[in-house]
Amino acid sequence: MNSSKSPVLDGLGNTTCNAHNKISVFFSIIFMTVGILSNSLAIAILMKAYQRFRQKSKASFLLFASGLVVTDLFGHLINGTIAVFVYASDKDWIRFNQSNILCSVFGICMVFFGLCPLFLGSVMAVERCIGVTKPIFHSTKMTSKHVKMILTTVCFFAVFIALLPILSFRAYQIQASRTWCFYKTEHIEDWEDRFYLLLFSCLGLLALAVSFLCNAVTGITLLRVKFKSQQRQGRSHHFEMIIQLLAIMCVSCICWSPFLVTMANIGINADRSMETCETILVVLRMATWNQILDPWVYILLRKAVLKTLYKIARRCCGMHIMNLHMWELSSIKNSLKVAAISESPVSSKQINQQPLSSTGQ
C-alpha cells in the first residue's frame with residue numbers, strides 16, 4: 001500500500017483535523033443548497049430587470065452582476081458537489097484519486113471560483129466609479145460589447161492563474177483535513193510553492209483594495225452631488241447606492257480577508273507558520289459565505305426591498321425618521337443626469353449668470 005501511494009497522497013495519515021464527517025457533510029449540503037438557491041433567485045431577478053430597463057448605464061451593471069452570480073452559482077454547484085462526494089466517500093482519496101485527476105480539478109475550481117468573483121467585484125466597483133464620476137464617458141464608451149469583452153478577459157485571466165501550477169508541472173495538494181485541494185500549504189520546499197500562495201493572496205487583496213478605493217470614491221461623489229443638487233429626483237438612487245457600497249465593502253472584507261491573509265502568512269513563513277488545520281477550515285468557510293451573500297448584496301438589497309423594510313420598521317417603531325419623498329421613484333438615468341449637470345462647465349456658467357440677470361432686472 002505504501003509503495004502504491006502517489007507523492008500527493010503522502011502524509012494524509014498525519015492529519016491534525018478531527019472534523020466529524022456527518023456534521024461536515026450536513027454543513028456542506030446546507031451551504032451548497034443555500035448558495036444555489038440564492039444565486040438562482042438573483043439570476044431570475046437580473047433577467048427580469050434586464051428586460052425592464054434598457055438604459056446603457058444600467059445594462060453594463062446588470063451584465064457584470066449576471067457574470068458574478070453565474071460564477072458564484074457554478075462555484076457552489078461544482079465545488080459543493082465534489083466536497084459532498086469526498087465526505088460521502090469517507091475522505092478515502094487513495095481509493096478514488098489514484099491518478100490525482102480529481103484533486104487537480106478540485107484545486108483548479110477552488111482557485112478559479114475564488115479569484116473570479118473578487119475580480120468581478122473590483123471590475124464592478126471600477127465601472128460604478130466611472131459611471132458616477134464620468135457619466136458622459138460611461139454612457140458613450142461602456143457598451144455591452146465592451147462589457148462582454150471585459151468579462152471574458154477576467155474569466156480567462158482567472159483560468160490562467162488556476163492552471164498555472166498544472167502548466168509548470170506542480171500538482172495541487174490534498175490539504176491536511178483531506179476535504180479539499182489547494183496549493184501546497186505543508187512541507188513547503190522551494191520558492192515556487194510560496195509563489196503560488198503569495199500570488200493568490202496578493203491578487204485577492206489587490207482586488208479588495210481596488211473595490212474599497214473605487215467604492216469610497218463613488219460614495220464620496222454621490223454624497224457631494226446630493227448635497228450640491230437641490231433636486232429630489234436623484235436622492236433615492238443615492239441612498240440605494242451608498243447602502244449597497246457599504247454592504248459590499250463589509251461583506252467582501254469580512255469574508256475574504258482572513259483566508260487571504262492566512263494564505264499569505266503561510267507563503268511568507270512556510271513551515272514556521274503557526275496556522276493550524278482547524279484555522280484554515282474556519283477561514284475557508286468564511287470565504288465560502290461571500291458567494292452566498294453576493295447575490296443578496298448586489299441584487300436583492302435594492303430600493304424596493306429597503307423601502308419595504310423601512311415601512312415595516314416605521315409601523316413597528318411608530319417613529320418618523322425620514323420623509324417618504326426620499327424614496328420617490330427615480331431612474332439611474334436621472335441620477336446620472338444630475339451628476340453630469342453638476343460636472344458640466346456649461347451648467348456652472350448658467351448658474352453663475354442667473355444671479356447677474358436677476359440683479360439686472
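The backbone N, Cα and C atoms fix where each Cβ goes, and this holds for glycine too.
Record features, source TrEMBL:
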- 23-47: transmembrane segment (TRANSMEM)
- 38-298: domain 'G-protein coupled receptors family 1 profile' (DOMAIN)
- 59-87: transmembrane segment (TRANSMEM)
- 99-126: transmembrane segment (TRANSMEM)
- 147-167: transmembrane segment (TRANSMEM)
- 195-223: transmembrane segment (TRANSMEM)
- 243-268: transmembrane segment (TRANSMEM)
| Contact call for the transmembrane segment (243-268) and the transmembrane segment (99-126): at least 3 Cβ pairs under 8 Å, seq gap 6+ | yes
| said: Which residues of the chain, 6 or more past the ends of the transmembrane segment (147-167), have a CB below 8 A from one of its CBs? | reply: 59-60, 63-64, 67, 71, 104, 107-109, 111-112, 115-116, 119-120, 123, 127, 183, 196, 199-200, 203
| message | Check for me, if you would, whether the transmembrane segment (59-87) reaches the transmembrane segment (195-223) - at least 3 Cβ pairs under 8 Å, residues 6 or more apart in sequence. | response | no
| field | Beyond the flanks of the transmembrane segment (23-47) by at least 6 residues, Cβ under 8 Å | value | 62, 65-66, 69-70, 72-73, 75-77, 80-81, 83-84, 87-88, 179, 285, 288-289, 291-292, 294-296, 298-300
| query | Mean pLDDT over the domain 'G-protein coupled receptors family 1 profile' (38-298): what is the value? | reply | 84
